[in-house]
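What follows is a set of notes on a single structure, which appears directly below.
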Amino acid sequence: MKVVFTGGGTGGHIYPALSLWRYMQDQAISLEPYYIGTTQGLEQSIVSKLDMPFETVEAAGLKRQVSLAAVSTLLKTARGYFQAKRLLKRWRPDVVVGTGGFVTLPVIFAAHSLRIPSVVWEGNARPGLTNQLCAGRTDAVAISFADSARFFAKAKRVELTGNPRASEVLQVDAGAVRGARDEYRILRDQKVILIFLGSRGSESVNRVVTEVLPKFAEHPEWRVLFVTGDRHYEHVKQSVPDLSHNVSIIPFIYDMPSLLPHVDLLISRAGSSTLAEISALGIASILIPSPYVTANHQEENAKRLVDKGAAALLREADLSADSLWAAIERQMQQDALRAMKGAAKSFGTPDAVERFYQLVMDVTRAR
Ligand SMILES: CC(=O)N[C@H]1[C@@H](OP(=O)(O)OP(=O)(O)OC[C@H]2O[C@@H](n3ccc(=O)[nH]c3=O)[C@H](O)[C@@H]2O)O[C@H](CO)[C@@H](O)[C@@H]1O
C-alpha cells in the first residue's frame, strides 16, 4: 500500500503522521511510505532521519485579509499545488494523509484533483484555516476534540480519533526508556522537571526560564531538563554560564517518547500533541499557552485539562520569574503531583492511532 504523508512547519503537524506511519509498519500490510513537506519546517530535519522518501513543495500561511503578502502566499500555494500534483502522479499513492500545517493544503487539493483518496487530521480544539479549507476536498477529517466537528460542516465524514501521539508514547520500548534514564543522567531518587515550549521553543518564555534556572540549585533532588528549541539554543547557553549540576540545557529532543515516562512535571505550551502525551501518560504540567497562535487556540486546548484539575494554567501575560517559581514549588508538592497525574490520565485516548488507521483504511477501500 502506497501512502503519502504530508504535514509540516512544527512538530505538532509532523509527529502525528509519523505515529500513524509506525503503526502501519506493524500491521500486516506491505507499506510504501512517502513524505511531502517544505524546506522551511522542522520536517526537513525530523523526516530526513527516517527511511522514507522525502520531497518538498512550496507552501505558505494563508492570510484572511487582502494584501501584497496574501497575493504572494496564493502564488506560492499555486506553485506548491502543481509540484504536489507532479509528485503524486509519479508515486501513484493509494491514499494521502495530511496532518496540518501550510503544506497540507496544496497536497490535499492535488490529491483531490487526481481523485486520490485522502484523510486530514486535526489536533486542536479550534482548527486552523488550512484544514478547514481542505475539508471540502478530502474524504474524511479525523479530529481530536469532539466539539471541533462544527468547524468541518463541509466534510463528507468527520470522525473523533484523538491524537495518535497518545498511543505512540504508551507503546514505547522498555529498553529505550531505561536508556533515556542514563542518557539524561537521572538519579534513582530524583524527580524530573522537563521544560519545552512547543517543538520550536519560545524566546519570550525561555528568557523567564533562564532567570529561574539558578534557583534549582536549592533542589538537588530535582533533575531539570530545559529544552530551548534549536534556534534559541546558542543564545540561551551563552546567557547562563554557571549551571547547577542538576540542570541541563538541550537544543531539541529527538526521542521524546523514551524520556516522557520519567517526567514528573512538564512545563510547556499547550499544543495538541503535547497535551495528548501528558494525558496518555498522566504527567502533571504547568501550561503556558502560546498567545501568538490563530484564535488563541492553545488556551482553548489547555482549558479542557485545566478545568478538570489535570493541568495548571499560567498565561504568558502573567508570566514572570516569581510567578513561574511559585507555580513550580506549588506543583512539586507530593499531593499536588499525585492529584494532577490522576486527573490528566482520565483524558488519555490510548486507541487514537488504531482509530486513525481504521479511518484511513476505510477511506482507501471505499474507492
Ligand atoms: C506555535 C504553533 O503554531 N504551535 C502549534 C503547533 O505546535 P507544536 O508543534 O509546538 O505543538 P504540539 O504540542 O502539537 O507538538 C509538539 C511535539 O513536538 C515534540 N517535541 C517537542 C520538543 C522537543 O524537543 N522534541 C519533541 O519531540 C513534543 O513531544 C510533541 O510531540 O502545532 C500544534 C498542533 O497543531 C498546535 O496545537 C500548536 O498551537
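Cβ coordinates come from backbone N, Cα and C, glycine included.
TrEMBL entries are annotated by machine, without manual review.
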Listed by TrEMBL with Thr10, Gly11, Gly12, Asn124, Ser199, Gln298 as binding UDP-N-acetyl-alpha-D-glucosamine, from among Ile250, Ile253, Ile267, is Ile253
Model confidence for the domain 'Glycosyl transferase family 28 C-terminal' (192-355), as mean pLDDT, reads 96
Here the 10 Å Cβ neighbour count for Ile253 (UDP-N-acetyl-alpha-D-glucosamine binding site) comes out at 18
Binding-site residues considered: Thr10, Asn124, Ser199, Gln298; fewest surrounding Cβ atoms within 10 Å belongs to Thr10
Quick tally, other C-beta within 10 angstroms, Gly11, Gly12; top of the binding-site residues is Gly12
